[in-house]
Every structure is written in C-alpha cells, then in structure tokens.
Amino acid sequence: MQKWIVLLAVVAVIIACQNNAEEEYIAVPTPMELSIPTNFPEVAYNLEVNPLTEEGFELGKKLFYDGSLSSTGVVSCGFCHEQAFSFTHHGHTVSHGVNGLEGFRNAQPLHNLAFFNEFTWDGAATHLDLQPIIPITSEVEMNERIPNVLSKLRADKEYPKLFTKAYGDDVINSERLLKALSQFMLQMVSGNSRYDKYSRGEGEILTDKELAGLETFRQKCANCHAGELFTDQSYRNNGLPMNPNFPEEEGRKRVSGFQEDHYKFRVPSLRNIELTFPYMHDGRFGTLEAVMDFYANGMVANGTVDPSLIDSNGSLGIPLSITEKENIIAFLKTLTDNEFIEDKRFAEF
Ligand code: HEC
Ligand code: HEC
C-alpha cells in the first residue's frame, strides 16, 4: 500500500514538473509587419531598436487603454485619444485629465506617428518613446509618477505574464513600458482614405468638386501642408490671434527659447481632419468652414507670421472665394479613412 502511495506521489511530482516546464517555456515573440502605404514617405522611427511583435503590440494596447497609468485610476491614454475621432478627445477644445482638470492644448490625433520626427504641437518630445512621459506625469493629464506606474504593473496579475510574452522575462521597467506603447501607436497607420486610393491609382475616382479643391489646396496650402502626410513637419505661425484664455502659450518658443519661434506650431497633418474637430492647437474653431474663413479673413500680424501668408502689399491671408472654400472642404473630406477608424486591432473592446 505504502509503495503505491510513494509511486503516486512520484508520478504527481513528475506531472507537476511537466506542467511547470510548460508554463515556463517562453515562446519567441511573433514579428509583426508595419504596412507602409506606397504613397507614404520613409519611416522616421528606428524600428531596429524596438522590433515590432504581436505580443509587444498587445501589451502596448492594454497599457494604452489602462487607467492605472494615471493617479486616479481612470484616465487612460484612450480617454483623451478616441479611435472614432482618429484618436482625438471628442467634444473638448483643450483636453481634460484627472479630476476634470484642464490642459491648454487640443489633443492631437494619433495616426502615422511612425513617419514623424518630433511630437506634440511644439515639438517638446523628440522621440515617440519619450512622448508618453509628458501625459503620464503632467498634473492636468494623468498626474502620476513613472515609478508608481511600474509598481502597479508589477503588482498586477496579468502584466508580468504579458511582459514575459513580449520581452522574454517579467522585468517591468520604463523602457519596456514606453517601447510597448510605441509598438501600439506605430501600427496606427492611416493610409486608406479615398484620396489615398485615388493617389495610388487604385481605381478610386474623385468628383470634379473634390479635384478642384485638391488643385486649389496644392496652390494655396501645400507649401506647409505638404506631401502625402499633408505637413512638412516644420513649425510655423499661421496668423492666429493670441488666445486670451492662455496668455502663457508661446508655441515653439516654449521649447527653443527663441523669440522668433513665438506662437509657431507644428504644421498639422490634415488626415482624418473631418473627424478631428475642434481645430488648431487650442481647438478654437469648431468647423472646417470657420477654418476657411480664418485663412481668408481672420489672420492677424502677431510678429512671427509665416512670410508666405503676407503679400507684397503687406496684407495678410489666403484669398479664397466661396466656391474655393467649399471645394477645399470637399477635398479635405476625402482624407477620411474609415478603415482606420473602424479597425478592430486598435479598438478598446
Ligand atoms: C488628458 C488628456 C490626454 C491624455 C490622458 C493623454 N494625452 Fe496624448 N495628447 C494630449 C494633448 C493635449 C496632446 C497635445 C500636447 C501638446 O501639444 O502639448 C497630446 C499629444 C500626444 C501625442 C503627440 C502626437 C503628435 O502628433 O505629435 C502622442 C503620441 C500622445 N499624445 C500619446 C499619448 C499616450 C501614449 C498617452 C497615455 C500614456 C496619452 N497621450 C495620454 C492629451 C492627452
Ligand atoms: C504658412 C503655413 C500654412 C499654410 C499656407 C496653411 N496652413 Fe493650415 N495650418 C498651419 C499651422 C502652423 C497650423 C496649426 C496652427 C495652430 O494650431 O496654432 C495649421 C492648421 C490648420 C488646420 C487645423 C488642423 C488641426 O488639426 O487642428 C486646418 C484644417 C488647416 N490648417 C487647413 C489649411 C488650409 C485648407 C490651407 C490653405 C487654404 C492652409 N491650412 C494653409 C500652417 C499653414
């Protein structure tokens, strides 16, 4: 009888060991392609230092939608960056973070970040991996400290497993946290709008109105909103009056310190612009019509206005007829990429 018990115990131990071995067996992360539309420029992000994998993407996605990255446990990245609006904060001129506190800028869309060199309206973040530190630590956004975030993740049931899947062991540090967030955001490529399919010659036809809008856009807007990303990624002042609610806003000067950069902002990409209202760094315009009226009649000389917006007589603005405004708006709406907005890979649920 005793022999049997010993034998059973031995078998049990062997089975337990096998199970353990299975659990500890670490699968190599599955490489994930970044699909780059053929009409797009080269990728700016160095993927060699952060090779994209399915497991890294999944980890980044969970982190992106996790409120525990904030001090109150409820403000996730996705709180201010909603997919349905190309990852902007719908209904907010300037973003709202923890405890309803207000920031001073309009949440930017998150798309095609792999092709950008610098981030935020004033270029304060010089690398995508560093960008999330700003919202996580900002008092009016997530108001948390990175070491606290890491402690919460280490104490969680799921995260150590997910980090192991993505990186081979369960070490949870800031580099891995930030690289995983980048993995998720890098995959957010929006390049399947009607315009893209037209541009790549995939059989999409634009209406006469849209084509006329594209033509006017190329003449009057594309020196700044250049190329297939619709931005040359430079910092410019497009002649907006200073916003009295935010007198401390200095634009690019906040980063560079140079007076000549006062109130300059990174030229925004106009992709998905139909969805990312309200517009400008402070969300001051609710509609594209208001933006067109501003370009035609609303500019003010505030010291650093882009020379291309001032004619030889010294008057400001881009002359636009009513039809031209309508045509440009019709064209801008061809930049809406519904496949991206509805892509389940990026959805919270
Ligand atoms: C409280 C709202 C809020 C939260 C939460 C938030 N963001 Fe943002 N995000 C913004 C605003 C506002 C900007 C523009 C900031 C600026 O220009 O100063 C921005 C800009 C960005 C940009 C730059 C985009 C570009 O085109 O340059 C990235 C990337 C980004 N956020 C990612 C994240 C990630 C990742 C998280 C979570 C860790 C996050 N955000 C959390 C509001 C938020
Ligand atoms: C001299 C460069 C320049 C020219 C020319 C220019 N823009 Fe802009 N545009 C900018 C800058 C810079 C901003 C951001 C300004 C800010 O937020 O303070 C901007 C913002 C915008 C926005 C708001 C984008 C957003 O995400 O909120 C739209 C829409 C826009 N421009 C459309 C146009 C159209 C249409 C034309 C041509 C009629 C045009 N722009 C010409 C530089 C330019």
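The backbone N, Cα and C atoms fix where each Cβ goes, and this holds for glycine too.
Please treat TrEMBL annotations as automatic predictions, because they have not gone through curation.
Here the structure is a predicted model, which means the values were calculated and not measured.
Per TrEMBL, the features are:
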- C77, C80, H81: heme c 1 binding site (BINDING)
- C221, C224, H225: heme c 2 binding site (BINDING)
- 208-336: domain 'Cytochrome c' (DOMAIN)
- 1-21: signal peptide (SIGNAL)
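The residues of the domain 'Cytochrome c' (208-336), classed with DSSP into helix (H, G, I), strand (E, B) and coil, number 48 helix, 10 strand, 71 coil. For the binding-site residues C77, C221, the greatest number of Cβ atoms within 10 Å around a candidate Cβ is found at C77.
Ranking the binding-site residues C80, C224 by other CB atoms within 10 A of the CB puts C224 at the bottom. Cβ neighbour count within 10 Å across all protein chains ranks H81 highest among the binding-site residues H81, H225. This prediction places the mean pLDDT of the domain 'Cytochrome c' (208-336) at 97. The DSSP secondary structure for H81 (heme c 1 binding site) is coil. Listed in sequence order, the residues F64, S76, G78, F79, E82, F87, H89, A107, L110, P135 complete the 8 Å Cβ shell around the heme c 1 site centroid, once C77, C80, H81 themselves are left out. Within the set of binding-site residues C77, C80, H81, no residue has a CB atom less than 6 Å from any atom of ligand 2. With a cut-off of under 6 Å between the Cβ and any atom of ligand 1, the binding-site residues C77, C80, C221 reduce to C77, C80. Taking the centre of the Cβ atoms of C221, C224, H225 as the heme c 2 site, the nearby residues of that chain (Cβ within 8 Å, site residues left out) are F217, K220, A222, N223, A226, F230, T231, V267, L270.
A separation of roughly 27 Å, to the nearest angstrom, links the Cα atoms of H225 (heme c 2 binding site) and C77 (heme c 1 binding site).
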